[in-house]
Every structure is written in structure tokens, then in C-alpha cells.
Amino acid sequence: MAAASVAESRGWFPALAAAVSLLKCLFINAYHSTDFEVHRNWLAITHSLPVSRWYYENTSEWTLDYPPLFAWFEFALSHIAKHFDRNMLVVENLNYASPSTVLFQRLSVIVTDVVFICGARECCRCVKERKGSCSVLNRPSFILAVLLLWNFGLLIVDHIHFQYNGFLFGFLLLSVAKHLQSQHLQGALLFSVLLNLKHIYLYVGPAYGIYLLRCYCFTQENKDGSVRWRSFSLLRLLALGSIVVSVCALSFGPFIAMGQLPQLLSRLFPFKRGLCHAYWAPNIWALYNVLDKTLATLGVRLRLLEEADLPRASMTGGLVQEFQHSVLPSISPPITFVCTLLSILPAVVSVWLRPRGARGFLRCLVLCALGSFVFGWHVHEKAILIPILPLSILAVESREDARIFLLLTTTGHYSLFPLLFTPAELPVKVVLMLIFTIYSFSALRKLYSGQGSLLHPLEVVYLLGLVVVAIACEVLWPLSPWQQRLPFLPLLATSVYCSMGTCYSFLRLYMSLLRQQEKHKQL
């Protein structure tokens with residue numbers, strides 16, 4: 001059955017991949033964000049300057065702040081870029097965007113997405129197909145392929161807004177697939193490379209570390225599923241350690257040798273950027289900020305606070321900066337670190353006590369990613385894709401996970417709408433999200449037909465509320481007289497409403513984990 005499924009996928013999977021690649025080409029001349037200039041600047045830095053100056057160069061405000069392997073990736077791209085337009089590789093050419101430069105950078109994202117396509121294909125091969133004959137369109141592997149390759153968030157963030165997330169997520173999916181296939185050393189190698197390409201994937205580092213220690217370094221377990229301490233393999237631990245150390249040495253070694261490690265780390269972890277990103281990622285701190293603002297407003301109206309003593313709209317200006325809360329205690333990086341650690345601790349402990357195979361690891365990975373998103377410091381709204389994409393795998397194998405996937409994906413994808421704020425892109429993002437959302441609901445509902453409704457009525461009402469928020473923010477607000485006075489209000493409304501959905505999804509994931517533990521105890 002599995003061999004037949006793999007053979008059939010040789011026909012439809014390349015067709016899906018080719019179709020989405022052609023769709024990406026249609027966005028070459030679309031709006032692009034400042035991230036386009038960020039990566040053009042990094043091409044110029046790595047091509048024009050010696051390695052010793054890469055993490056010191058600051059002609060542009062968009063300084064190099066990714067790990068060294070990504071810098072070398074930009075260096076490699078720059079040697080192709082010079083055949084398109086050499087002027088893009090001049091550091092002083094700020095905001096340079098000639099037609100050839102736009103073409104090259106857009107094509108570089110599309111071409112490097114081949115890594116993501118390979119990762120998606122490997123994950124589709126790991127999916128448990130259902131018994132009995134059914135149409136290819138209704139098979140879990142086909143549905144997963146569509147959910148991954150045609151992911152709405154990834155399409156607009158990479159191919160309109162502009163970034164290389166598909167390339168990076170490709171390494172994550174390949175790593176997950178290797179663990180599902182019990183090829184743990186290969187999975188560890190791929191994740192080590194990923195961490196040295198973009199350090200945001202530290203979010204899921206605890207899931208990897210604990211799972212590999214528990215299920216690879218300990219070779220046996222007791223009948224009740226607990227760890228058998230005497231089965232610890234020092235050789236396996238050394239093998240894992242050598243992989244991680246080798247990749248990190250290759251990446252950071254030259255900069256350590258030049259005495260630049262402190263400078264490099266200051267670029268990777270700029271804690272002075274503030275609690276929230278400019279667009280207010282939909283997490284717990286968005287709700288915290290609004291509560292603080294509400295209490296401050298009530299305090300002034302009730303004459304409990306003096307308006308002159310309060311900060312001047314520092315949280316609602318859409319700026320990347322540090323600020324102090326008016327009424328509630330201000331949040332510092334250590335506080336967010338402790339909150340994040342506490343939020344992922346039960347998931348990590350669960351993997352240690354009862355791993356339940358690679359899919360238990362995958363669930364822990366999603367919880368770590370979402371917990372870091374909900375409680376992390378200066379979280380980017382785009383980071384919601386880190387839990388969404390791996391959750392796609394669980395969604396085609398479990399009805400409860402499909403329910404959470406629909407909630408988190410719909411909410412998380414809509415929270416990305418403010419990234420595309422130009423009128424020309426409004427119909428594009430609306431149509432693309434509608435297509436992806438309608439397909440997700442219809443495909444998963446058909447996959448789990450006969451098992452009742454996927455969503456609770458109140459959850460349906462919440463998701464329908466997104467339509468109201470969208471109409472208010474995207475259509476009515478630009479026509480209102482308050483647009484100039486309160487320009488940040490649509491962002492605030494989007495973030496706060498979506499925060500409720502992401503926090504609820506996080507709680508649902510933990511409830512699902514607890515149910516699984518109860519079932520295991522009963523067995």
C-alpha cells in the first residue's frame with residue numbers, strides 16, 4: 001500500500017509543485033517590503049567586504065543579523081547576482097531596486113524553495129495512509145502536500161512581502177521527516193544546519209534536545225514506557241554532540257578566531273528592540289498591552305491617574321522600540337524567558353516521560369514553537385508559521401489536531417494581512433486566503449467525515465468574527481475620518497482579535513496532550 005502510494009505521488013506531487021512555482025512567478029512585480037532591501041544589503045555586504053567586516057558594517061540600518069551560515073548563503077547568491085546587475089552589490093546603493101535586481105531576488109526565493117518542496121515530499125511519504133481504496137484527492141498525503149506547498153502564509157510572506165522562509169522551512173521539514181523515519185543523526189544534522197541559518201528556530205530546540213536524548217541516547221525503555229537508565233549510550237551522545245559541534249564550529253569558528261563572537265551575538269540577540277514587534281504579533285503580550293492601555297484610560301477618566309504622568313502612546317505607534325507600561329508591571333526579557341520556559345515545560349517533560357514515538361516529538365515541537373510565539377520577547381508576526389507548518393502533518397492524521405490546525409491556521413494567516421497594506425495587494429491576499437481556507441476546511445472535513453463537526457459552534461462564531469474584523473480594517477477604516485488620527489488602530493484590532501485565537505489554540509493543544517496521556521494510563 002505504501003509503495004503504491006509513493007509510486008502514485010510521482011505523478012501528482014511534481015504537478016502540484018510546478019503549479020505553485022508558476023503562481024509564485026506571477027508575484028515577481030508585486031509589492032515588496034523593506035525585507036527586500038535587507039537582503040539586497042546583505043548581498044552587497046557579503047560580496048563587497050571582507051569576512052571580518054560583515055558583522056560590523058552599518059552603512060544601512062538593515063545590518064546583518066542572521067547566523068554565519070546564512071551570511072555564506074547570501075555570499076553564494078551574490079556571485080550569481082553579479083550577472084544580473086552589479087550595482088545591487090554596492091553597499092552604498094541604499095534602497096536599490098532596479099528591474100534586474102527585483103527579478104534576481106524574486107527568482108532566488110523561487111529557486112531555493114526547491115529545498116521546501118523536497119521537505120514537503122519527504123513528510124508526505126511519512127504520513128499514515130488510511131486503509132481501503134479512496135481517491136487520490138482524499139488521501140492524507142495529497143491533502144498534506146497541498147497544505148504545505150500552497151500554504152497561504154508562506155506564499156505572501158516569501159513571494160510578496162519577501163523573505164527566504166521556504167528555504168529555511170525546507171530544512172525543518174526534512175529534519176522532521178528524518179526523525180519520523182528513525183534516521184535521527186540525519187535529522188540532527190539538518191536541524192543543526194537550520195539553527196546556523198536562522199536562530200529563531202531555537203524556539204523548537206528543547207523539543208529536539210530532549211527527544212534525541214530520550215529516544216536516541218537511551219536505547220531501551222521499560223514496559224510502562226518509562227526510560228531504562230541502564231540503556232544509556234555514551235557513543236550515541238558523542239555522535240550527536242560531534243554533529244552539533246562540527247556544524248557550529250564551521251559556522252562560528254572563523255568569527256571566534258577573529259575575536260568577533262561578542263559582536264556577532266549582539267547582532268543575533270538585540271534585546272533593546274522592545275517587547276513587541278512593530279506589527280504586534282498576536283500573542284499574550286498584545287492582550288497585556290491592551291489591558292494596560294485600557295486600565296490607563298479608565299484611570300484617567302476616573303481621576304485616579306494623571307494623564308501627564310503617563311507614557312505618550314509608546315505602545316501604539318507601530319514602532320520597534322522599548323517602552324514602559326502605564327499601569328501594569330513592565331515586561332523585561334528575563335520575564336518573557338521564564339514565561340516561555342514554563343509554557344513549554346509540560347510538553348518537554350511529557351516527551352521525556354512518555355515519548356510516544358516521533359509523533360510525540362512532533363507534537364512537542366509544535367507546542368514549543370507556539371509557546372515561544374505566545375510568550376516570547378519581540379516576536380515577529382511571521383513566526384506563527386513555525387507551529388502552523390509542522391501541525392499540518394498532525395492534522396491529516398488526527399481529527400483533534402485537524403480542529404486545532406483549522407483554528408490556528410485561519411487566525412494566524414489572517415494576522416499576516418497587515419504585512420500587505422497596499423491597495424493593489426488587497427484582492428490578492430483575500431482571494432489566496434479564501435482559496436486556502438476553503439480547501440483546508442473542505443478537505444479535512446471530508447477526511448474525517450462521519451465523525452461529527454470538526455469545530456465547536458463557538459469556534460465557528462469566532463472565525464466568522466475575522467470576516468467582520470477584515471471588513472472593518474481593510475474596507476471601512478480607510479474611508480473613515482479617524483484614519484489620520486489613529487492609524488495604528490486596525491493593527492491593534494487585528495492583533496488583539498487574533499491573539500485570542502492563537503492563545504486558545506495553544507490551550508487546545510495542551511488539552512489534546514493531556515487526553516493522550518489519560519488514554520495511555522487507561523491502557
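Glycine residues also receive a Cβ, built from the backbone N, Cα and C atoms like all the rest.
Keep in mind that what you see is a predicted model, and the values were worked out from it rather than measured.
Among residues of the same chain six or more beyond the transmembrane segment (12-32), those with a C-beta under 8 A of the stretch's C-beta atoms are 97, 102-103, 106-107, 109-110, 113, 117, 120-121, 124, 136, 142, 145-146, 149-150, 155, 159-162, 420, 422, 424-425, 428. Residues or ranges marked as transmembrane segment by TrEMBL: 12-32 (among others).
Annotation comment: TrEMBL describes 140-157 (among others) as transmembrane segment.
Sequence-distant contacts of the transmembrane segment (200-217), counting only residues of its own chain at least 6 positions beyond either end whose CB sits under 8 Å from a CB of the stretch, comprise 168, 172, 179, 184, 188, 191, 194, 227, 232-233, 236-237, 240, 344, 347-348, 351-352, 355, 360-361, 364-365, 367-369, 372-373, 376, 380, 383, 386. Here TrEMBL flags 200-217 (among others) as transmembrane segment.
According to TrEMBL, the transmembrane segment annotation covers 237-257 (among others).
Here TrEMBL flags 335-353 (among others) as transmembrane segment.
When Cβ-Cβ distances below 8 Å are used as the criterion, the transmembrane segment (360-377) is approached by residues 176, 179-180, 203-208, 210-211, 215, 271, 275, 281, 283-285, 333, 336-337, 339-340, 343-344, 347-348, 350-351, 354, 383-384, 386-387, 390-391, 393-394, 408, 502-503, 505-506, 509-510, 512-513 of the same chain, each at least six residues removed from its ends. The feature transmembrane segment is assigned by TrEMBL to 360-377 (among others).
The feature transmembrane segment is assigned by TrEMBL to 430-448 (among others).
As annotated by TrEMBL, transmembrane segment applies to 460-479 (among others). Residues 407, 410-411, 414, 417, 426, 430, 489-490, 493-494, 497-498, 500-501, 504 of the same chain lie 6+ residues outside the transmembrane segment (460-479) yet bring a C-beta within less than 8 angstroms of a C-beta in it.
Residues or ranges marked as transmembrane segment by TrEMBL: 491-511 (among others).
Long-range neighbours of the transmembrane segment (491-511) within the same chain, counting only residues 6 or more positions beyond its ends whose Cβ lies under 8 Å from a Cβ of the stretch, are 279-284, 286-287, 290, 316, 318, 343, 346-347, 363, 366-367, 370-371, 373-374, 381, 384, 403-404, 407-408, 410-412, 414-415, 417-418, 462-463, 465-466, 469, 472-473. The list of residues near the transmembrane segment (335-353) in space but at least 6 beyond its ends in sequence, with Cβ under 8 angstroms from a Cβ of it, reads 206-207, 210-211, 214, 225-227, 275, 284-285, 360-361, 363-364, 367-368, 371-372, 374-377, 506, 510, 513, 517.
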